[in-house]
Amino acid sequence: MKTKLNSSNMQLLLFVFLAWDPARLVLANIQEDEAKNNITIFTRILDRLLDGYDNRLRPGLGDSITEVFTNIYVTSFGPVSDTDMEYTIDVFFRQKWKDERLKFKGPMNILRLNNLMASKIWTPDTFFHNGKKSVAHNMTMPNKLLRIQDDGTLLYTMRLTVQAECPMHLEDFPMDAHSCPLKFGSYAYTTSEVTYIWTYNASDSVQVAPDGSRLNQYDLPGQSIGKETIKSSTGEYTVMTAHFHLKRKIGYFVIQTYLPCIMTVILSQVSFWLNRESVPARTVFGVTTVLTMTTLSISARNSLPKVAYATAMDWFIAVCYAFVFSALIEFATVNYFTKRGWAWDGKSVVNDKKKEKASVMIQNNAYAVAVANYAPNLSKDPVLSTISKSATTPEPNKKPENKPAEAKKTFNSVSKIDRMSRIVFPVLFGTFNLVYWATYLNREPVLGVSP
């Protein structure tokens, strides 16, 4: 009985499989036919759209103004060059407008196309007013996107890298802030033909990727948008402006310039604590610190454009240079008023000893001559010879030697100028630093936003 049931089940499964397989094949063929039909439909739609389409003429020519809605997505911002006053930015530049000639009806509401279709239709002739160099990426294919909605609305996106000018005012350098503009608009069409409009508000029309900053010396706190109209000999044109706000980081310059300047000034003031007679040591301190400040001032200017005004760092270096040079002038003044005298107060004792030794030598020489003259008579008379041998040789009267006075080294007293400088110089330098840093660090950054 069980055998009969199993065989019937197997027959049923085989029947279902044989019945389903043709149905599956039929369904696959239907889907394939639908795909082919869709491709055929879209091909016909595109052919119909381009049939009689003149991409030399803007939409609404003679009837209305073409409105181009724009927004920017920044994928990479930086680097910023202070010497050239320019910056580099990598963006997805998006433009949207409506072309009544490209309306269509089909199974889909949006046609997603690539750059090949973009070259066959009218697109805005947008260019960057302050761009020095612009590159449209073409690897591995041109990085362009085109979408056409059924109502004729087009979305055109390009990936661009732009080197743009960034005017900088460096009076507060390195505590400065800047606003780098990105200006763009139509090259040929005036405001009566084509106008540009930001798609969203300020925070959404220009967006920066979270990891898009490529800045070592700046922070990018935010951005803003604007719009203006400029006049030229050929008409009025709409100019869209996106401002990128930059705030410089001061840490690098504190380590590279400010701390060495402060340490050099402190080193120059060490000479006030040396004796006024230490001319070589104090000269080395003065000359070395002056040369060090000169080197620091030159190196600080190498990273800046050759502007005709003084920056905040220039003022700091100039004041430090004045302190160092004043320390050298102070030593010259002290040295000029230093009294000149013998270095040892035992000189008179030394001279007396030399005179005493000279008189003893003269007496000894006289006695030796007298003995030599009397010697022949002594040899003739044996009695006198015996007496002379037994006689003691007279010695000159010597004064008891007094212990020479101890030679003590004498110094001039500490100069009043040095005493005053030990207090005045540090106090003045500390006051200057307090005023300088309080002024610049508490100052609100002024962003030079161009209209």
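From the backbone N, Cα and C atoms, a Cβ is placed for every residue, glycine too.
Candidates considered were Cys166, Cys261. The record in Swiss-Prot pairs Cys180 in a disulfide bond with Cys166. Between Asn6, Asn138, the residue that has N-linked glycosylation site written against it in Swiss-Prot is Asn138. In Swiss-Prot, the feature transmembrane segment is placed on 421-441, out of the ranges 85-105, 421-441. Over the topological domain 'Extracellular' (442-451), the average per-residue pLDDT in this prediction is 65. Against the transmembrane segment (421-441), stretch 312-332 has more CB pairs under 8 A than any other of 250-270, 281-300, 312-332.
Following the DSSP three-state reduction, the secondary structure of Cys180 (disulfide bond) is strand. Asn201 (N-linked glycosylation site) is 19 Å away from Cys180 (disulfide bond) when you measure Cα to Cα.
Here the disulfide-bonded residues are Cys166, Cys180, and the one with the most other Cβ atoms within 10 Å of its Cβ is Cys180.
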